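**Q** My questions will all concern the structure given below.
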């Protein structure tokens, strides 16, 4: 059963009288339906009295074997309410039919076999018979004859019955009624009880309390089963198991979970189950890295052709450690001035503090005469925005929740370690793989250590994602990163950049004035919770913005399993984000070409001083 929150609750399933299928033979009403029995009382638990029970046969004419009496001392406990009822002897005989001679059912007696494996999903209960007890009344010479017949049948049962029929039961099994079994002929009774309890046997388990039943109700179901056991020989154990058969082939726990997930997937066929688990850690343990000199080519095989990115600092490509074969990402930083090395040392110091699976991990740092190379965890999924604009990807609001929650987890850890990223943007959020929803934050080149008691100001970043305090060159705090998170969330939901202008000046003016709004068309399918989440981040006043911890407690980022069932509408942001990425690429190419042309003109005129060269 799937709860409201989507969990599969597994539990022992009671087999009530109303839920049990009818007998296979004739599909007619069962014997228990034809002859309803009165509710059992405390008197039913005492040995029967021929005078009090007019329906009991005369012991002199139809004596019961003493072996049919159950030893109360060996009984594990009263019957659980709703447990399956005992099977008839006719369904378990060596040839598939009951013994007409009145012997007990096949496998109904004998020493118990080895305990079944813990993974067994059905358990057999062998109800021990005490040969010292006998029914009331004078048995005479018939007692010895019946006892011999019972012994022969028990021996036949041990030879021909399956192994699991002899396995001992857990204490939660059905206990036999103390009432005499002379209501039906001996050939139609059995002492085997199978239960569908899929738990490991525990001798300390009392059993009946868990089922919530009473001894009286349990005895009533036993009495009804004994009356109907004569028709059980034609029943099938699997599929249409009738109520006379006390064996239920309960599937294993893993199968039940799989079936529940399949059912959920069928009910919500338009929703794909999200892998909202935390991403796996780096393929190497967290380490404290120190910048050292060395020969890069002797330790690593650089693959400069497989470029992963680049910028003002240099380029990023893949590489392989020769000693271990570990694939890594190599960030090659040009060392032109002493400040360049100082910035790299600060980046190494920051990354040494960040041991979190939503944050990229540093492996090694090597300095050469002209470069500093940082070897980091390789993340193969690519940029988040590149991933979600794929035509085969179905972006929903729930996907956005999963992405944003992981980003918040990484930011929260950074802030607890007194680190500010200060350059959160879509390019710095990578997917772990090309198919899942797991992301990691990268690029700590602009990150700073943060002390709330000290004033910290910065004047760098990407204009679209800068906060008002950075543009104004005011004191920053951990809330500065939260503004950038609000911009990223806005873009994931709508595909639009809230402050993007025709140029950087217009963009910065929009940021300073906090001039933004929810576009009616693009936010048509977005929930009010998502809008409230963004509104509490894109606030000019730092103190009014949510922290990372408050974001994780926001209603929008919680109860994802429940929201996934009803929030399956595809967002329009996919199409708009694709246009945004195309425009971003065009802008980068335009700037690069313009800079190259300008440099060519200036160099030809000999006025390099205009560029500060």
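Yeah, the Cβs are placed from backbone N, Cα and C, and that goes for glycine too.
As the structure is a computational prediction, the values presented were derived from the model and not from experiment.
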**Q** Given the candidates 167, 467, specify the residue that Swiss-Prot annotates with phosphoserine.
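**A** Of 167, 467, Swiss-Prot lists 167 as: phosphoserine.
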**Q** Please state which member of 331, 335 Swiss-Prot lists alongside 308, 309, 310, 311, 312, 313, 314, 315, 316 for binding ATP.
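**A** So, going by the record in Swiss-Prot, that would be 331.
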**Q** Looking at Swiss-Prot, which of 46, 161 is flagged as phosphoserine?
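**A** Swiss-Prot records phosphoserine at 161.
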**Q** Restricting to the chain of residue 462 (phosphothreonine) and a gap of 6 or more, list residues whose Cβ falls under 8 Å of its Cβ, or answer none.
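**A** In sequence order, 423, 425 meet the Cβ cut-off.
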**Q** What mean pLDDT score does the domain 'Protein kinase' (302-557) have in the model?
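**A** Over the domain 'Protein kinase' (302-557), the predicted model scores a mean pLDDT of 92.
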**Q** Validating a neighbour-count step here. Other CB atoms within 10 A of the CB of residue 423 (active site, proton acceptor): how many?
**A** 22
